[in-house]
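Here is what Swiss-Prot records for this protein:
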DISULFID  Cys13-Cys66  disulfide bond
DISULFID  Cys17-Cys42  disulfide bond
DISULFID  Cys26-Cys47  disulfide bond
DISULFID  Cys30-Cys49  disulfide bond
DOMAIN    2-67  domain 'LCN-type CS-alpha/beta'
MOD_RES   Cys66  cysteine amide
Amino acid sequence: AKDGYLVNKSTGCKYECFWLGKNEFCDKECKAKNQGGSYGYCYSFACWCEGLPESTSTYPLPNKSCGRK
């Protein structure tokens, strides 16, 4: 397993969050079937996820940097 920032595969951006620490949105996104993590929380205004499978992409994506085309 690995830890990392969740990443939007279509934009290459992190999942933004504003409620730091325990965060329902991040936890839900982290545990979603397509991510497969064990616990998510908000760190530095982005969703950090623990216990991700190695197959799940995390920020930064190799071919996409957020905000650049």
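Note: Cβ is positioned from N, Cα and C throughout, glycine not excepted.
Local packing around the disulfide-bonded residues Cys13, Cys66 was summarised as the count of other Cβ atoms within 10 Å of each Cβ; on this measure the leading residue is Cys13.
The Cα of Cys13 (disulfide bond) lies closest to that of Cys47, out of the disulfide-bonded residues Cys26, Cys30, Cys42, Cys47, Cys49. Here the CA atom of Cys66 (disulfide bond) lies 19 Å from the CA atom of Cys26 (disulfide bond). Cys17 (disulfide bond) sits 13 Å from Cys49 (disulfide bond), taking the Cα positions as reference. Cβ-based neighbour count (10 Å, all protein chains) for Cys30 (disulfide bond) stands at 24. In the three-state DSSP classification, Cys30 (disulfide bond) falls within a helix.
Counting in whole angstrom, Cys49 (disulfide bond) lies 9 from Cys42 (disulfide bond) by their C-alpha atoms.
Checking Cα-Cα distances from Cys30 (disulfide bond) against the disulfide-bonded residues (Cys42, Cys47, Cys66) with a 10 Å cut-off leaves Cys47, in sequence order. Counting neighbouring Cβ atoms within 10 Å of each of the disulfide-bonded residues (Cys17, Cys47, Cys49), the lowest count belongs to Cys17. Here the disulfide-bonded residues are Cys26, Cys42, and the one with the most other Cβ atoms within 10 Å of its Cβ is Cys26. If you take the Cα of Cys47 (disulfide bond) and the Cα of Cys66 (disulfide bond), they are about 15 angstrom apart, rounded to a whole number. Taken through DSSP, the domain 'LCN-type CS-alpha/beta' (2-67) splits into 8 helix, 25 strand, 33 coil. Taking the C-alpha positions, the distance from Cys42 (disulfide bond) to Cys66 (disulfide bond) comes to 18 Å.
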